[in-house]
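Features of the protein shown, as given by Swiss-Prot:
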{"type": "BINDING", "residues": "GLY132, THR133, HIS134, GLY135, LYS136, THR137, THR138", "note": "ATP binding site"}
Amino acid sequence: MADGVPAREPRFTAPMDGRSTFGRVRRIHFVGIGGAGMGGIAEVLHNLGFTITGSDVRSGAVVERLVGLGVTVQIGHDPVHVQGMDAVVVSTAVTEDNPEVQAARQQRIPVVPRAEMLAELMRFRHGVAVAGTHGKTTTTSLLASCLAEGELDPTFVIGGRLISAGAHARLGAGPYLVAEADESDASFLHLKPMMAAVTNVDADHLGTYGGDFEALRRTFIEFLHHLPFYGLAVLCIDDPEVRRLRGEIGRPVLTYGFSEDADVRVSGMEADGHRTRFRIEEGDGAAFAVELSLPGRHNVLNAAAAIALARELGVDVAAIQRALSSFQGIGRRFQVYPDIPLAEGAAALVDDYAHHPRELEATLQAARAAWPERRLVVVFQPHRYSRTRELFDDFARVLSGTDALVLTEVYAAGEARLPGADGRALASAVRDRGGAQPIFAESLDEVPGLLAGLLRDDDVVLTLGAGSIGGLPAQLGGGLTAGGGA
């Protein structure tokens, strides 16, 4: 102390871990904390010792978990919630006119996008990011499970609930942070991982890219160039767009897939009910068998990405085999529920987040592989009018191949209705193709009653979509009676 002036606490300290990571920031508020990506980051920061609060328009499983951990969550948005905060984190679903965002800006509290906060967490660990239009959540979950089985104790932030952990996120003591890299709003450009996988590149979220697929593709290239020159890009060579990327990436590349020229090659795939067996052949001649507790070719590719990443991080083959064989799954990713009791017999029930034609097709193929002799009854809730319009013909083509179909109105996700892109129009297009004859449901409330008159013993029900349909399986678990619904 000189002249009576006390020394200040250092803004940054070394080593930069725990609460020292963010300097003097101690109190962080999350606007829209109930989202899977938001809640996971909030949980990790809470476990690091930060004071976390949040708000959302409604409660839910993520909010309930956080409250159980001691996080204060308010239902509804109010400027008072950000008073005294050092930072405010927002998801892309939160608009600038949100009263908490406006109050934070007026008080000069930093307003931080969710992906930027994830990037800050990643900066002080070895970040491993999984990108791609489809398969991010499953691949990230499989990788986290492999690292955990290999005793690397990873931190992970996942868009789905890892059933074995009962959470979307976990703070580990190990050096690796595994997370999804979200291209839907181009926010993955905030991330600068050490390693990154790209599972596929498909036409989705084109509104973010001005309707230009090439702009989406260029953004993936930009993301991969956020890797350091000594990093690694792990690419699915089976995907034609990812194959195109390979020659434009100025970083070390490792490829995987069923293709003959893959560095990590999948062969000998065999379906066995809900499980799948296959072999992995590596470029140095090493080969080993894998049994995966998930069905479907798409999940084998997801597992191959996780294997390629885990092997590069030093996880031994035995640990990988144990992790994939015992993997308990992720919420809403081919999640198998108890059978639905019927008046006579029962029907199997599977729930999945699939909301893009390519995802629907992969999920249906997996179900047919698991239950080749059984009738598939699909309940599909389209997600967003814009996506339904952009991919209308593909949706109609895939859905017309179902055995029986209940199609609901589009889950708007805040969008205005678009003429010719609603649920009725899609049902009509499916009907015109001459395959499945869809039953249209104006709302999800009608679905249990419709299923009561449709289902028969030994059917397999698939509830599919990214919106509110995720709550339907719980309604069906009590059984169905003709005319009475669930």
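Keep in mind that glycine also has a Cβ here, set from the backbone N, Cα and C atoms.
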Cβ-centroid neighbours of ATP site GLY132, THR133, HIS134, GLY135, LYS136, THR137, THR138, 8 Å, sequence order: VAL130, THR139, GLU180, THR199, ASN200, ASN302
Neighbour count (Cβ, 10 Å) for THR138 (ATP binding site): 29
Distant-in-sequence Cβ neighbours of THR137 (ATP binding site), under 8 Å, six or more positions away: ILE158, GLY159, GLY160, GLU180, ILE330, ARG333, TYR353
Surrounding CB atoms that lie within 10 Å of the CB of HIS134 (ATP binding site), all protein chains: 22
